[in-house]
Amino acid sequence: MTSNVPKVLLNNGTFMPIIGLGTWGSDWGLTFGQRERGAIEQAVKDAIDLGYLHIDTALVYDTEKEVGNAINEKIRQGVVKREDVYIVSKLWNTFHRPDLVRGALMQSLQNLNTPYLDLYLIHWPLAHKEEQGLFPVDDKGNIVFSFVDFVDTWKEMEKLVDDGLVKSIGISNFSKNQTERLLANARIKPVTNQVECQLYLTQTKLSEYLRSKGITLTAYGPLGSPARPWLDSKEPVLLEEPTVLSLAAKYNKTPAQIALRYQIDRGHIPIPKSSNKTRLAENISIFDFQLDAGDLEALNKLNRNKRFFSNDENATHPDHPFNDEY
Ligand SMILES: NC(=O)C1=CN([C@@H]2O[C@H](COP(=O)(O)OP(=O)(O)OC[C@H]3O[C@@H](n4cnc5c(N)ncnc54)[C@H](OP(=O)(O)O)[C@@H]3O)[C@@H](O)[C@H]2O)C=CC1
Ligand SMILES: O=C1CO[C@H](CO)[C@@H](O)[C@@H]1O
């Protein structure tokens, strides 16, 4: 398979394609089963045809089966081989207890119909009550917490690498302090921290910290997640920012391409989601230009530390990552 997507060298000697396809169907939020089935499967097939070789999913997205069907179909068609595709999935909060980690991974492998993952992430640093479904709630509708130490979870993640079930492991939504504590106790370093990163939340400090530790930053919601179910129509729209529009005109690119190139030029790995073939093609056509230093600085100035994924329902959990400065 030929693809013009560059790859990033990770701290364990493996390579990750520098842009990935997001597959969180933001259209159905936390209530599964209400979306049109098949859209993600078609998107992944289109994406592979267009040269995407990195697909991001998670057990909790309920898209693993569609992702797996699409990849396996493209393997059957001879478009790609398994080793060409970089598959990322995530351990959900209800499976942090060490005895549950391997079973959760096996469920993901079965859903994806693949013998191994390229990368497995701890989805959030905080745990939820085990064995009561994916969203355990009390009679008031509040999420029920669990207090498993993520270091204990990590030790099980390391064993998955030892056993060849996952090539790399990483973290998601970890703050600097949490990453620091993990590193102090880890035998295998995380290759990435997947966090929200977009023009209103540029993550300057976390990005610098992660770089100093040899950990990449994977940028989720890089387009500002415009289809999130909790969208507030009064909020400014990232892709309509005057700075973004004027740079789009200057470089003869679209606002989305500017937002994505901003991540690439900062050494991040963006994972935009699209189920539309034209936009999929647009989002990957960002390797024929570069933002100059002044323009990067102008984009940095759009930062307002605005999280679209504030995770407020977990704010009282002791491992809630966003009580830390970054
Ligand atoms: N680790 C974590 O906790 C999290 C991880 N993620 C991951 O990150 C991925 C990306 O984040 P996500 O929240 O989906 O948000 P994104 O910022 O990627 O935005 C996706 C939305 O933008 C639209 N879009 C895509 N391309 C364009 C374009 N060129 N111009 C205009 N609009 C466009 C899409 O619509 P359309 O499909 O119609 O093109 C979709 O509605 C997720 O899918 C998921 O895989 C996301 C949230 C949290
Ligand atoms: O990846 C994600 C997608 O959205 C979810 C919310 O609905 C998040 O909890 C999660 O981190």
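FYI, residue positions are counted from 1 along the chain as it appears here.
Cβ coordinates are placed from backbone N, Cα and C, and glycine is handled just like the others.
Curation plays no part in TrEMBL annotations; they are all automatic predictions.
As a whole-number mean, the pLDDT of the domain 'NADP-dependent oxidoreductase' (19-303) in this prediction is 95. Annotated domain 'NADP-dependent oxidoreductase' per TrEMBL: 19-303, in sequence order.
Annotation source TrEMBL lists active site, proton donor at TYR61. The Cβ neighbour count for TYR61 (active site, proton donor), using a 10 Å radius and every protein chain shown, is 22.
Secondary structure at LYS90 (site 'Lowers pKa of active site Tyr'), as computed by DSSP, is strand. For LYS90 (site 'Lowers pKa of active site Tyr'), the same-chain residues that are 6 or more apart in sequence and have a Cβ closer than 8 Å to its Cβ are THR57, ALA58, LEU59, VAL60, TYR120, LEU121, ILE122, HIS123, SER172. Summarising the annotation, TrEMBL assigns site 'Lowers pKa of active site Tyr' to LYS90.
Under the DSSP three-state reduction, HIS123 (substrate binding site) is assigned to coil, being neither helix nor strand. As annotated by TrEMBL, substrate binding site applies to HIS123.
In this view, HIS123 (substrate binding site) is surrounded by 21 other Cβ atoms within 10 Å of its Cβ, with every protein chain counted. According to its DSSP assignment, TYR61 (active site, proton donor) is helical.
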